[in-house]
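Database features, via TrEMBL:
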DOMAIN    38-152  domain 'PurM-like N-terminal'
BINDING   Asp40, Thr55, Asp86  Mg(2+) 4 binding site
BINDING   Asp40, Asp86, Asp232  Mg(2+) 3 binding site
BINDING   Thr56, Asp57, Asp134  Mg(2+) 1 binding site
BINDING   Asp57, Asp86  Mg(2+) 2 binding site
BINDING   His64, Glu285, Tyr342  substrate binding site
BINDING   Tyr116, Gly133, Asp134, Arg160, Ser234  ATP binding site
DOMAIN    164-321  domain 'PurM-like C-terminal'
BINDING   Asp235  Mg(2+) 5 binding site
Amino acid sequence: MAPVAPRQARHPLSEFGLIRTLQRRFPSRDNALIRGIGDDAAVVAMPAGRHLVLTTDLLAEGVHFDLRTASFEDVGYKAAIANLSDVAAMGARPEHVLVALAAPAACAAPQILQLYKGLMAACRPYRVSLIGGDTSASANGWFLSVTVTGTVPAGSALLRSGARVGDAIYVTGTLGDSLAGLQLLSRRRPMAATRLPPADRRFLLRRHRRPLAHCRFGQLLGTHRLATAAIDLSDGLSGDIRHLCEESRVGAELHTAALPLSPALTAYAKAAGTDPAALALQGGEDYELLFTVSPANLRRLQRAAGEPGRRLTRIGVIQPKSFGIRLRDASGNLRRLPVTSYEHFRS
Ligand code: ADP
Ligand code: MG
């Protein structure tokens, strides 16, 4: 869209030049794409028997990322993963990406291209192609809005609302690693950083900078109807379990001792003198999948999903709504789960 009052400051890379460069650097090889970058809008052929899934995420500099601790490539990568992970949590196959960008007038072309490099590195393993976007100057920092589309067999999208009392609660992977990586970057716990073995430090930083989206596993859960409900862990388990429970009108009992922790997180928590389970409950941006499975499907889940290298952990059980959301500790005591995960507009 044209701005109301055109800014005089010129981008070192013109808007037109950027669009040309993107077209050349990230060509689409997608047969369903009738028209990609270069027209007024993209045109995509709709596969029969599938539903369209759409998600968008907005990242604002200073709120979602800090250019003192994240490179442009990191920012682009994580913006894409946040969306791909949402598509994964719907049990859908990601297909296309659109990118809206507002950059400070003084930004340099290589910064924008680095951002796209990270973004498309996240998309490539899933064959997601760039089909459009919008570009603007910003009077106040960077803004990056990424939209990903996907498709799912009609009627098999995994919703947050399908959990039933008695369903087992599962997560993929390990929890809290990304938060530990962020704390290492922001030097919030300098002692922990110096005491941590370098391999653990590298692992946690990688989990923070290059998380993966569980797109294939999400599709497996959806197409085989193995899960009754699913959500991806973007804000942190303590908050995200609440979203799933609210949508399903149920409660949950989580078992502290069952939370899957990486050896690196355990080492970090020890060095930092904090509780690793607290990091696992609070930590955002792990992009693991949290899902519920009916007792009748537990054997099928093990058979269909128990691949080598794929970690699935049962962390609790769905309870009636009146139970609320509670944590059972190793000695069997129950307490209410506090919300410690990230929330905007919290005073
Ligand atoms: P309009 O003025 O109609 O919005 P633009 O000049 O903004 O058109 O966009 C021209 C083409 O370039 C469109 O296909 C649009 O999707 C694409 N495009 C613009 N900015 C970006 C961007 N930052 N990333 C990817 N594609 C872009
Ligand atoms: Mg435009």
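Residue numbers in this text run from 1 along the chain shown.
Note: Cβ is positioned from N, Cα and C throughout, glycine not excepted.
What TrEMBL annotates, mapped onto the structure for a quick look.
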{"residue": "Thr55", "record": "Mg(2+) 4 binding site", "Cβ contacts under 8 Å, 6 or more apart": "Asn83, Asp86, Val87, Met90, Thr147, Val148, Gly150"}
{"residue": "Thr56", "record": "Mg(2+) 1 binding site", "Cβ contacts under 8 Å, 6 or more apart": "Asn83, Ser145, Val146, Thr147, Val148"}
{"residue": "Asp57", "record": "Mg(2+) 1 binding site", "Cβ contacts under 8 Å, 6 or more apart": "Ala79, Ala82, Asn83, Asp86, Ser145, Val146"}
{"residue": "Tyr116", "record": "ATP binding site", "Cβ contacts under 8 Å, 6 or more apart": "Leu22, Arg25, Phe26, Gly76, Val99, Leu130"}
{"residue": "Gly133", "record": "ATP binding site", "Cβ contacts under 8 Å, 6 or more apart": "Leu22, Ile37, Leu98, Val99, Ala100, Leu101"}
{"residue": "Asp232", "record": "Mg(2+) 3 binding site", "Cβ contacts under 8 Å, 6 or more apart": "Ser85, Asp86, Ala88, Ala89, Ala213, His214, Asp240, Tyr287, Glu288, Leu289, Leu290"}
{"residue": "Ser234", "record": "ATP binding site", "Cβ contacts under 8 Å, 6 or more apart": "Ala82, Ser85, Asp86, Asp240, Gly284, Glu285, Tyr287"}
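Using CA atoms as reference points, the binding-site residues His64, Asp134, Arg160, Asp235 were checked against Asp40 (Mg(2+) 4 binding site), and the closest is Asp134. Among the binding-site residues Gly133, Asp134, Ser234, residues whose Cβ is positioned under 6 Å from ligand 1 are identified as Gly133, Asp134.
Shown for the domain 'PurM-like N-terminal' (38-152): DSSP residue counts in helix, strand and coil, namely 36 helix, 48 strand, 31 coil. By the rule that a residue counts when its Cβ sits under 6 Å from some atom of ligand 2, the binding-site residues Asp40, Asp134, Asp232, Glu285 yield Asp134.
Around the Cβ of Asp86 (Mg(2+) 4 binding site), the number of neighbouring Cβ atoms within 10 Å comes to 24. When Cα-Cα distances from Asp134 (Mg(2+) 1 binding site) are compared across the binding-site residues His64, Arg160, Asp235, the shortest belongs to His64. Apart from Thr56, Asp57, Asp134, the residues listed for Mg(2+) 1, the same chain places the Cβ atoms of Leu58, Leu98, Val99, Ala100, Leu144, Ser145, Val146, Thr147 within 8 Å of the centroid of those Cβ atoms.
Cβ neighbour count for Glu285 (substrate binding site): 23 (other Cβ atoms within 10 Å of its Cβ, all protein chains included). Annotation: Asp235 carries the greatest number of neighbouring Cβ atoms among the binding-site residues Asp40, Asp134, Asp235 [cut-off 10 Å, Cβ to Cβ]. Across the domain 'PurM-like N-terminal' (38-152), the model assigns an average pLDDT of 96.
The CA atom of Arg160 (ATP binding site) is located 15 Å away from the CA atom of Asp235 (Mg(2+) 5 binding site).
Cα of His64 (substrate binding site) to Cα of Asp235 (Mg(2+) 5 binding site): a distance of 11 Å. When other Cβ atoms within 10 Å of the Cβ of Arg160 (ATP binding site) are tallied across all protein chains shown, the result is 20. Here the Cβ of His64 (substrate binding site) has 20 other Cβ atoms within 10 Å, regardless of which shown protein chain they belong to.
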